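Record features (Swiss-Prot):
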- His117: active site, pros-phosphohistidine intermediate (ACT_SITE)
- Lys11, Phe59, Arg87, Thr93, Arg104, Asn114: ATP binding site (BINDING)
Amino acid sequence: MTIQYTFSMIKPDAIKRNKIGQVNAYLENGGLKIVAQKMRFLTKYEAECFYDEHRARTFFNSLVEYITSGAVVLQVLKGEDAIILNRTIMGATNPAEAEAGTIRKDLGESIEANSIHGSDSENSAKREIAFFFNKSEIIE
C-alpha cells in the first residue's frame, strides 16, 4: 500500500443542499484525511481549463455552466491508495448505477449533479491538485 494524495471537488449541487459535512464524513470515515480544503467560485475560464480534456465532448458546455453555477469545495485528500479509495467512496459517476453507501448513490441527483468529482489517476491527481493549490496550502 502506498500513501497518496488525490484531488476532490464537492460540486455546487451538494453545496446548495448543505451536504459539505456529510461528504466530508464519507471521506474521513472511509479512511481519507483532508489535508487542504477551500470553498470558492470557479470562473468560466478556470472551469474550461480544468475540464479541457472534455472540450470536444457534447456535454462540455453544460458541464462548465453547471460547475460555475455555484460555489465548490476544493480538497486535497491523503491516505493509503487514496486515488482508488476516493473513487470507491464516491461511487459510480451515475448515481443510479452507484452502490448503496457511496456519496453519489446517497447524495447525487444526476450524472452531472452527482455531488463530487475525484481524480481518476496519479497524473490527474497531480495536475488537479497543482491547478488549485500551492504547497503551502497543504497541511500535513
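Just so it is clear, glycine is given a Cβ too, placed from its N, Cα and C backbone atoms.
Everything Swiss-Prot records as a feature, shown here on the structure.
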{"residue": "Lys11", "record": "ATP binding site", "DSSP class": "coil"}
{"residue": "Phe59", "record": "ATP binding site", "DSSP class": "coil"}
{"residue": "Arg87", "record": "ATP binding site", "DSSP class": "helix"}
{"residue": "Thr93", "record": "ATP binding site", "DSSP class": "coil"}
{"residue": "Arg104", "record": "ATP binding site", "DSSP class": "helix"}
{"residue": "Asn114", "record": "ATP binding site", "DSSP class": "coil"}
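The record assigns Lys11, Phe59, Arg87, Thr93, Arg104, Asn114 to the ATP binding site, and the maximum Cα to Cα distance across that set is 22 Å. Residue environment of Lys11 (ATP binding site) contains 25 other Cβ atoms, counted within 10 Å of its Cβ in all protein chains.
Annotation: Arg104 carries the greatest number of neighbouring Cβ atoms among the binding-site residues Arg87, Arg104 [cut-off 10 Å, Cβ to Cβ]. Each of the recorded positions Phe59, Asn114, His117 was scored by the number of other CB atoms within 10 Å of its CB, and the largest score is that of Asn114. Within its own chain, Thr93 (ATP binding site) has Arg104, Ile111, Asn114 as residues 6 or more apart in sequence whose C-beta sits under 8 angstroms from its own. If you measure from the Cα atom of Phe59 (ATP binding site) to that of His117 (active site, pros-phosphohistidine intermediate), you get 16 Å.
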